[in-house]
Each structure stands twice: as C-alpha cells, then as structure tokens.
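Below: the structure, in structure tokens.
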Amino acid sequence: MAAAIASSLIRQKRQAREREKSNACKCVSSPSKGKTSCDKNKLNVFSRVKLFGSKKRRRRRPEPQLKGIVTKLYSRQGYHLQLQADGTIDGTKDEDSTYTLFNLIPVGLRVVAIQGVQTKLYLAMNSEGYLYTSEHFTPECKFKESVFENYYVTYSSMIYRQQQSGRGWYLGLNKEGEIMKGNHVKKNKPAAHFLPKPLKVAMYKEPSLHDLTEFSRSGSGTPTKSRSVSGVLNGGKSMSHNEST
C-alpha cells in the first residue's frame with residue numbers, strides 16, 4: 001500500500017512539473033532558437049500579412065514591353081536623317097550629331113514609330129504627303145517598314161497613298177539632304193532608301209495612340225508662329241522647288 005501511495009505521489013509531482021514546464025515554454029525564450037512562442041505567433045501573423053501583400057503585388061500586370069532599337073538611318077543619298085531640337089527634319093553628313101539617333105518602336109507587324117532620341121518627337125506624314133513632327137503618337141506616325149535590295153529599308157505611310165494607283169508615300173531625302181513630300185518619293189529611287197545602323201536593343205512602353213481629331217495642327221507640332229505652314233510641314237524647312245531624287 002505504501003509503495004502504491006508513493007508511486008502515486010511521484011506521478012503527481014512529475015505531472016505537476018511537466019505542467020509547469022509547458023506553461024513556462026509559452027513565455028520563456030528557447031535557448032536554442034532565442035524566440036518565445038509569443039514572438040513566434042507574432043512572426044506568423046506578420047509573415048501572413050507580408051505574404052498576402054506580396055500576392056497582391058504579383059497580381060499587378062507589368063507594363064507592356066516592346067523590343068525595338070536605337071539606330072541611325074543612313075540615306076542612300078549620303079546623309080544621316082536627323083530630327084533637330086526645333087523639330088526640323090533633314091539630312092546631315094555629321095555622323096556624330098546626337099540628333100541622328102532614333103528610337104524605332106514596333107507598333108504592329110512590320111510597322112514602326114520613328115522617334116527622335118533627343119527630342120522625343122515622332123515623325124509623321126499628313127494627308128498631303130508633308131512630313132512633320134508630333135509630340136503625340138497618332139495614326140500619321142505609323143510607317144510601314146519594308147526591306148529593299150542590298151539591305152536598304154523604305155518607310156511608307158500606313159494610312160496615306162495614291163488613291164488611283166495605290167502607290168505608297170515614302171519618307172525620303174533629296175540630293176541636297178532636304179526632306180521630300182511623301183507622294184514625290186518613289187520606292188525604287190535612292191531618295192527612299194535608308195540603311196539602319198543599330199546601336200543597341202531597347203525596351204519601350206507601347207505608345208498611347210491619340211486620335212487625329214484630338215489635336216489641331218499647332219498641337220501636333222505644326223505650325224509654329226515663326227514659320228509658314230508649308231515650311232513646317234515640309235520637315236521644318238522651306239520647300240525646294242526641285243524635289244527630284
């Protein structure tokens with residue numbers, strides 16, 4: 001009997017000690033991990049909040065990225081196409097001019113936007129074939145890119161062409177390095193031929209397409225007070241009487 005009572009007391013003491021240990025573990029730091037169970041609970045809550053927040057961030061769709069190039073456009077006439085700070089479009093023989101750098105941004109199948117790196121202005125062609133520059137990306141800023149012989153490339157308006165023959169209107173420079181009206185440029189002549197000289201590949205955000213009716217000609221970069229309408233629409237220079245190739 002005494003042995004049984006002793007055994008019972010021993011069991012009770014052991015159980016009491018185990019209960020005390022378990023209670024102590026809830027608020028006493030563990031020597032091996034150095035964190036209390038209370039701290040662990042807090043960490044679990046914080047980690048869940050953080051995980052929830054990270055899941056939210058993952059749901060955000062990244063900006064659409066378009067792979068284009070920074071390039072120079074060398075005309076078969078012996079000039080580099082350039083877009084100057086005042087919006088003038090012409091040709092130059094100065095290979096080091098920073099205004100000869102263009103962003104060629106793909107905006108469709110074999111369709112590009114041509115944007116000056118320095119000015120951030122887009123090249124555009126209006127319904128009369130005049131070249132001008134625009135702060136906003138509109139349908140007139142879209143050019144079809146076609147590979148010609150000997151790796152030369154032509155750029156024609158996506159929305160304007162000869163009504164009867166269907167012949168395209170092309171970006172072109174004459175022998176003096178002056179910009180030409182698109183409907184005066186023939187695709188098989190040197191005036192229309194450009195040789196891209198890519199410098200690097202770049203990623204671009206898709207340009208926001210603006211409707212032409214949103215802007216007046218003055219809002220699209222044409223004309224300015226100091227110039228005539230025809231002058232600015234012809235690349236910012238007075239039109240040449242002889243626009244031959």
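Any Cβ shown, glycine's included, is placed from N, Cα and C.
Swiss-Prot annotations:
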- 1-62: region 'Mediates targeting to the nucleus' (REGION)
- 67-201: region 'Mediates interaction with sodium channels' (REGION)
- 157-164: region 'Tubulin-binding domain necessary and sufficient for tubulin-binding' (REGION)
- Ser208: phosphoserine (MOD_RES)
- 215-245: compositional bias 'Polar residues' (COMPBIAS)
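Within the same chain, residues 108, 111, 125-127, 129, 139-140, 142-144, 170, 182-183 sit at least 6 positions outside the region 'Tubulin-binding domain necessary and sufficient for tubulin-binding' (157-164) and bring their C-beta atoms closer than 8 Å to a C-beta of that stretch. Residue environment of Ser208 (phosphoserine) contains 7 other Cβ atoms, counted within 10 Å of its Cβ in all protein chains. Following the DSSP three-state reduction, the secondary structure of Ser208 (phosphoserine) is coil. Across the residues of the region 'Tubulin-binding domain necessary and sufficient for tubulin-binding' (157-164), the predicted structure has a mean pLDDT of 94. Under DSSP, the residues of the region 'Tubulin-binding domain necessary and sufficient for tubulin-binding' (157-164) split into helix, strand and coil as follows: 0 helix, 5 strand, 3 coil.
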